[in-house]
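Copied over from Swiss-Prot:
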| type | residues | note |
| --- | --- | --- |
| TRANSMEM | 24-44 | transmembrane segment |
| TRANSMEM | 64-84 | transmembrane segment |
| TRANSMEM | 113-133 | transmembrane segment |
| TRANSMEM | 151-171 | transmembrane segment |
| TRANSMEM | 182-202 | transmembrane segment |
| TRANSMEM | 225-245 | transmembrane segment |
| TRANSMEM | 261-281 | transmembrane segment |
| TRANSMEM | 299-319 | transmembrane segment |
| TRANSMEM | 351-371 | transmembrane segment |
| TRANSMEM | 381-401 | transmembrane segment |
| TRANSMEM | 409-429 | transmembrane segment |
| TRANSMEM | 433-453 | transmembrane segment |
Amino acid sequence: MNDTTQATDAAHAHSTHQHSMQALAIAAIGVVFGDIGTSPLYSLKEAFSPAHGIPLTESSILGVISLLFWAIVLVVGIKYLLFVMRADNNGEGGVLALMALSLRPLDSKTRVAGALMALGIFGACMFYGDAVITPAISVMSAVEGLEIATPHLSHLVLPITIVILIALFWIQRHGTAMVGKLFGPIMVLWFVAIAALGVYHISRVPGIVAAINPYYAASFMADHLLQAYVVLGSVVLVLTGAEALYADMGHFGAKPIRLAAYGLVMPSLVLNYFGQGALLMQNPKAIENPFFLMAPEWALLPLVVLSTVATVIASQAVISGAYSLTSQAIQLGYVPRMKVLHTSELAIGQIYVPVVNWLLLAVILCIVIGFKSSDNLAAAYGIAVTATMVITTVLAAVVMVRVWNWNRLLVGAIIAVFLAVDLGFFGANLLKVAQGGWLPLGIGALLFFLLMTWYKGRHIVKERTAADGIPLEPFLQGLLAHPPHRVSGTAIYLTGNDKLVPVSLLHNLKHNKVLHERTIFLTFVTRDIPYVRDDKRLSSRDAGGGLYIVKAEYGFNETPDVKAVLEEFGRTHDMTFELMDTSFFLARETVVPTHLPGMSIWRERVFAWMHQNAAKPTDFFSIPANRVVELGTKIEI
């Protein structure tokens with residue numbers, strides 16, 4: 001009886017685990033695979049663009065489909081799903097998390113560490129270059145289905161695209177938790193639909209299945225040489241969104257993402273691309289829009305609607321990714337403080353960054369109006385994706401060797417294959433710089449300059465502050481030996497360095513000549529891991545006389561919370577804190593550019609402007625504005 005009960009419990013636990021895994025996989029399909037899942041809308045059409053001069057013969061169709069197939073297998077199926085997703089930072093993926101992991105065993109002052117940091121930041125910047133193109137090309141290519149379904153409405157493609165995009169960004173501030181539950185089932189329907197379309201056309205031209213043989217890809221490259229290399233720049237469009245598999249790993253876990261990819265997403269994509277190839281072999285004129293021309297006439301409008309919804313979901317994933325990346329970059333010190341709002345009390349990862357939201361919308365609308373069609377925009381797409389892919393491969397190699405201590409020869413062999421593929425795609429996309437590739441490169445380069453300027457500027461400010469600083473604990477001992485007038489209440493001094501006296505305390509003593517009976521020096525520190533356990537978050541030192549030095553550690557995926565820190569500190573020290581009875585003292589730094597060693601004067605002016613426009617600490621740390629005392633200080637850099 002006991003054995004039977006144990007067996008039943010084990011079976012129940014296994015069933016529950018399987019159900020949970022399937023639920024996570026469906027949720028992942030709605031968030032992770034939107035971008036790569038909507039690539040069939042434009043990828044094959046762009047590969048046979050008239051500008052490439054590739055004839056629509058049977059051999060070239062088989063060759064291009066073979067290239068698409070092996071690109072998906074090698075980059076998505078093997079590189080990302082089997083190798084890169086192993087390189088997680090405490091479960092978190094993405095280029096910044098990977099950069100933080102690769103830097104962990106290195107001295108931050110070495111050139112290697114500096115180069116890896118610059119690579120990681122550039123990869124993050126290129127993500128933003130991708131983030132402004134994905135919503136534009138995805139939504140536009142879906143709405144362009146109207147040109148096939150109802151040609152007399154073709155003049156409405158641009159206005160409808162603009163309205164959809166404005167609506168999408170407008171609802172961001174309200175959060176997407178409610179509609180987000182529908183994303184998974186809708187995208188499952190999308191993948192089933194595109195797979196069914198593919199199967200129908202493959203059944204009519206079974207010969208297309210021969211494209212599985214890599215001989216056709218190699219033969220196509222050999223026959224067309226330079227033209228074929230140019231086509232590689234379009235083939236990479238089937239991989240847009242592959243980085244999301246890794247970047248969103250922290251939300252869903254590696255197993256559900258792999259289950260979704262191998263179980264539904266990759267088979268559906270392959271079937272659809274092969275179906276489009278079969279259609280072209282039967283009717284080369286279908287190159288006008290092979291995706292929508294796969295559908296029977298009665299299904300065209302429903303397919304346009306479904307594809308539009310799917311592209312909105314894909315865009316949502318990119319937008320959410322931009323918020324998350326910005327939040328990580330703020331915590332790691334690469335971006336000025338910005339207002340970050342949490343749109344859900346239950347889901348930690350659901351945030352909204354107003355500045356990023358409206359900047360993205362402004363740039364995306366300019367792109368849509370400027371490029372006018374998905375065909376024109378396709379040339380701009382790909383270069384940001386491939387640049388990030390190359391950077392991810394390099395950082396993953398460093399992690400394999402330096403963090404995991406894998407055999408260098410083994411890592412070299414694996415990475416050589418991946419880099420050969422990545423650099424091949426990247427080189428092919430460099431050929432498209434003049435046609436539109438300049439756009440993501442320009443956006444990425446501008447952001448890289450701003451982020452590196454901010455990081456360097458903050459480093460200089462810290463050096464200047466440390467050089468002029470006074471050690472905190474000896475100062476406090478002297479203060480207690482000759483105390484100023486003590487006043488009732490609690491004072492909290494926010495400081496960036498728990499070893500030095502806050503400038504705000506010096507100013508308060510100089511001008512007001514008082515010290516509160518309970519004084520706390522609070523420092524927030526961001527670790528190179530995504531989350532810090534609650535029991536490891538706080539450390540404190542009692543300096544005596546009601547003076548406490550408190551350090552709160554957060555991961556780069558977390559947002560510092562003053563109220564929560566005070567509550568936790570109060571619990572461990574048998575104290576109570578009322579925010580409205582507490583005074584917060586902050587130093588308001590004014591950065592003054594000078595000719596001192598550091599950065600060139602014009603970069604210092606850019607940094608000073610960024611510093612001046614960063615979100616106020618009161619907004620960022622959610623401190624009641626009427627409880628804050630700001631004391632000004634000038635820092636020459």
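A Cβ is built for glycine as well, from the same backbone N, Cα and C atoms used for every other residue.
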* Hey, which bits of the same chain come close to the transmembrane segment (113-133), Cβ under 8 Å, at least six residues off its ends? -> 95-96, 98-100, 102-103, 106-107, 240, 243, 318-319, 321-322, 325, 329, 334, 360, 363-364, 367, 377, 380-381, 383-385, 387-388, 391-392, 394-395, 398, 439-445, 447-448, 451-452, 455
* Asked: At least three Cβ pairs under 8 Å linking the transmembrane segment (151-171) and the transmembrane segment (299-319), pairs spaced 6 or more in sequence?
  -> yes
* the transmembrane segment (299-319) vs the transmembrane segment (182-202): three or more C-beta pairs under 8 Å (separation of 6 or more)? -> yes
* To do: May I ask whether the transmembrane segment (182-202) has at least three C-beta pairs under 8 Å with the transmembrane segment (381-401), counting pairs 6 or more apart in sequence?
  => no
* **Residue numbers, six or more beyond the limits of the transmembrane segment (225-245), whose CB comes under 8 Å of its CB atoms** => 32-37, 39-40, 42-43, 46-47, 49, 52-54, 63-64, 67-68, 71-72, 75-76, 80-81, 85, 95, 127, 130, 134, 257, 261, 269, 273, 314, 317-318, 321, 378, 381-382, 385-386, 388-389, 392, 424-425, 427-429, 431-432
* In terms of Cβ proximity under 8 Å, which residues at least six beyond the ends of the transmembrane segment (64-84) contact it? -> 36, 43-44, 47-48, 54, 93, 208, 211-217, 220-221, 231-232, 235-236, 238-239, 242-243, 245-246, 257-258, 261-262, 266, 269-270, 273-274, 276-277, 389, 392-393, 396, 414, 418, 421-422, 425
* **Outside the transmembrane segment (409-429), six or more residues from its ends: residues with CB under 8 Å to it** => 71, 74-75, 79, 83, 229-233, 235-236, 239, 382-383, 386-387, 389-390, 393-394, 396-397, 400-401, 437
